[in-house]
Amino acid sequence: IGRLVTRAAFNTGKVDIVAINDPFIDLHYMVYMFQYDSTHGKFHGTVKAENGKLVINGKAITIFQERDPANIKWGDAGAEYVVESTGVFTTMEKAGAHLKGGAKKVIISAPSADAPMFVMGVNHEKYNNTLKIVSNASCTTNCLAPLAKVIHDHFGIVEGLMTTVHAITATQKTVDGPSGKLWRDGRGAAQNIIPASTGAAKAVGKVIPELNGKLTGMAFRVPTPNVSVVDLTCRLEKPAKYDEIKKVVKQASEGPLKGILGYTEDQVVSCDFNSDTHSSTFDAGAGIALNDHFVKLISWYDNEFGYSNRVVDLMVHMASKE
């Protein structure tokens, strides 16, 4: 995610990357890893090592190699906003270590047990600049929440269940091995459909308080490298024809949620969303209604790149509140 947030920053030009911390690889390896990506292709631009710095598109970036976040001299490098993307320091206390080195704000690129969570297009307006440490929630919450918000605002969600058919990620195993958490998480990622837990649906209740306790869900990890899809099956308060649902989602995708929630009526498949920058793209042709109160809604997301673009957007939004 760190590499893709960096790509998103350079692609959009919205934020300036001034420093990167990675204790595990040297500078020349960073050049290689940033330049080549098996999923998203080669970086369209220049990247090289020069005078101990990583130089991307002519911009020199300071490199730190600290294992302890408290030792990173962010302030010296001029870094004000830190993206904590290790997946390890996800609590207020642990992520707060970055502030000791001179950072002003920390954005955790994962769900957090105690940091306030923000989803662009859903509850980002609730951010205020007294908050120093925030979470951008998970990629799945970023897919589900914008859709749930539109549906709830127009028709009311009584209750719902979410399933995400999710691409493999770095936490999984290439072949069977021991897992730190659930046993089946350790089974070979390329060979299996693996039922897994996800806090994404419950987290929607944190970013849309009216939906608290009304949604829960689970995941199936499937052997694809990237792009996932959310299935939201929910009971509606107000009766709605499926065509009405399509209409309001399309309107939202062209209006307040433009760039965050997409809409398509094409016969798409997962690969069509590789490197897509939306948080969520509603698949109008894939959803079904049992009746006017009970519907299954389908939305695609590039779980890597869409999310990384929202991290950048959240940073920009936070900076606008300074």
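Using N, Cα and C of the backbone, Cβ positions are placed for all residues, glycine too.
Among the features that Swiss-Prot reports, active site, nucleophile is placed at CYS139. Taken from Swiss-Prot, the feature SUMO2 cross-link applies to LYS173, supported by similarity to another entry. Among the features that Swiss-Prot reports, phosphoserine is placed at SER109, SER135, SER138, SER228, SER299, SER320. For CYS139, the entry in Swiss-Prot reads cysteine persulfide. As annotated by Swiss-Prot, S-nitrosocysteine applies to CYS139, CYS234, with the evidence given as similarity to another entry.
Structure with Swiss-Prot features highlighted.
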residue	record	DSSP (3 states)
SER109	phosphoserine	coil
SER135	phosphoserine	strand
LYS173	SUMO2 cross-link	strand
SER228	phosphoserine	strand
CYS234	S-nitrosocysteine	strand
SER299	phosphoserine	strand
SER320	phosphoserine	helix
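Only SER228, from the recorded positions SER109, SER135, CYS139, SER228, SER320, place their Cα within 10 Å of the Cα belonging to SER299 (phosphoserine).
For the residue listed as 'SUMO2 cross-link', the nearest neighbour among the listed modified residues (SER228, CYS234, SER320), judged by C-alpha distance, is SER228. Comparing the Cα of SER138 (phosphoserine) with the Cα of every entry in SER109, SER228, SER320, these being the modified residues, the smallest distance points to SER109.
Each of the modified residues SER135, SER138, SER228, SER299, SER320 was scored by the other Cβ atoms within 10 Å of its Cβ; the lowest score goes to SER320. Listed recorded positions: SER109, CYS139, LYS173, CYS234. The one with the lowest count of other Cβ atoms within 10 Å of its Cβ is LYS173. Considering only the modified residues SER109, SER135, SER228, CYS234, the residue whose Cα is spatially closest to the Cα of SER320 (phosphoserine) is SER135.
Spatial neighbours are here defined as Cα atoms within 10 angstroms of one another, and by that definition the neighbours of SER135 (phosphoserine) among the modified residues SER109, SER228, CYS234 are SER109.
Ranking the recorded positions SER109, CYS139, CYS234 by Cα distance from SER228 (phosphoserine) puts CYS139 first. It is 20 Å from the Cα atom of CYS234 (S-nitrosocysteine) to that of CYS139 (active site, nucleophile). Across the structure, the residue listed as 'active site, nucleophile' and SER109 (phosphoserine) are spaced 9 Å apart at their Cα atoms.
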